[in-house]
Amino acid sequence: MNGHGRGGGLVIAIDGPSGSGKSSTAKGVARARELSYLDTGAMYRAITWWMLDNGIDVADAAAVAEAAARPVITVGTDPSAPTIEVDGADVAGAIRADGVTGSVSAVSAVPEVRELLVARQREIIAEACATTAGIVVEGRDITTVVAPDAPVKLFLTASAEARAQRRSREVRSSDVAATQEALARRDRLDSSRSVSPLTRTDDATELDTTGLSLDEVVALVVKLADEAQAQAV
Ligand SMILES: Nc1ncnc2c1ncn2[C@@H]1O[C@H](COP(=O)(O)OP(=O)(O)O)[C@@H](O)[C@H]1O
Ligand SMILES: Nc1ccn([C@H]2C[C@H](O)[C@@H](COP(=O)(O)OP(=O)(O)O)O2)c(=O)n1
């Protein structure tokens, strides 16, 4: 199912910390090569939004685990119009709220949550490989757990300053220092949890995007994807 999956689809797996450029790069590459696109972070955000909306204490791992299967999360994989719904309601805006951002690392550290979402992500990848040219998948454990056999595996990085600048610009905040501190806290939690922590494996290509424009990063990844496809035929 991974790699050049059933149906011949190409899987491009991208991991990296917040603000390294995963979402924008993944969308750009998917659009350039008519691939599907999956933002797995949006799925962790959606389940976190549902927990908060339903009054579940996100610091209580047992309560989160017990409720994890209740929300129905639906993802649309068109890179030009990705969608995310919980129980049929559009939550694309709600999942970016500060409350969700502050709680998502705790919820995504719960093994039962990961088990459910990873299974769903693999179904989405298989479906995309069967029906489209393939899929670009981005998150924290795509190269290590979700699609370790993907023929293109990337680990995006950028300096802490560049990532904070980018995020601040995006949310129109002038407090870059506070943004940098919030990113550092989330990086710490996401990289130190016991299940599927953010890690770079030796077979993933590390790409430091600090001094590169988004167009340059997209072009580099498209080149890697084209090389992988040429090798597969
Ligand atoms: N290479 C780059 N140069 C400058 N800005 C970038 C670059 N890549 C992404 N960005 C911008 O940085 C912000 C965060 O990027 P995003 O793709 O959401 O990162 P991630 O998914 O890793 O959190 C976005 O506003 C995006 O437009
Ligand atoms: N594959 C993934 C994707 C995201 N997560 C968790 C950890 C992240 O802090 C949150 C949110 O991910 P998201 O990609 O939306 O984060 P940013 O776009 O970097 O702000 O979800 C995860 O544990 N595993």
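Every residue, even glycine, has its Cβ placed from backbone N, Cα and C.
Unlike curated entries, TrEMBL annotations are predicted automatically.
According to TrEMBL:
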type	residues	note
BINDING	Gly16, Pro17, Ser18, Gly19, Ser20, Gly21, Lys22, Ser23, Ser24	ATP binding site
COMPBIAS	1-10	compositional bias 'Gly residues'
DOMAIN	12-225	domain 'Cytidylate kinase'
REGION	1-25	region 'Disordered'
REGION	171-202	region 'Disordered'
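A Cβ distance under 8 Å defines the sequence-distant neighbours of the region 'Disordered' (171-202), meaning residues of its chain 6+ beyond its ends; these are 15-19, 101-102, 104-106, 108-109, 111, 114, 118, 140-141, 143-145, 148, 153, 155, 160-161, 163-165. Computed over the domain 'Cytidylate kinase' (12-225), the whole-number mean pLDDT of the model equals 97. Each of the binding-site residues Ser18, Ser20, Ser24 was ranked by the number of other C-beta atoms within 10 Å, and first place falls to Ser20.
Only Ser18, in sequence order, out of the binding-site residues Gly16, Ser18, Ser24 have a CB under 6 Å from ligand 2.
Shown in sequence order, Thr25, Glu138, Leu156, Ala158, Arg163, Thr209 are the same-chain residues outside Gly16, Pro17, Ser18, Gly19, Ser20, Gly21, Lys22, Ser23, Ser24 whose Cβ sits within 8 Å of the Cβ centre of the ATP site. Counted within 10 Å of its Cβ, the other Cβ atoms near Lys22 (ATP binding site) come to 26, all protein chains included. Residues in the region 'Disordered' (171-202) partition by DSSP class (helix H, G, I; strand E, B; coil) as 17 helix, 0 strand, 15 coil.
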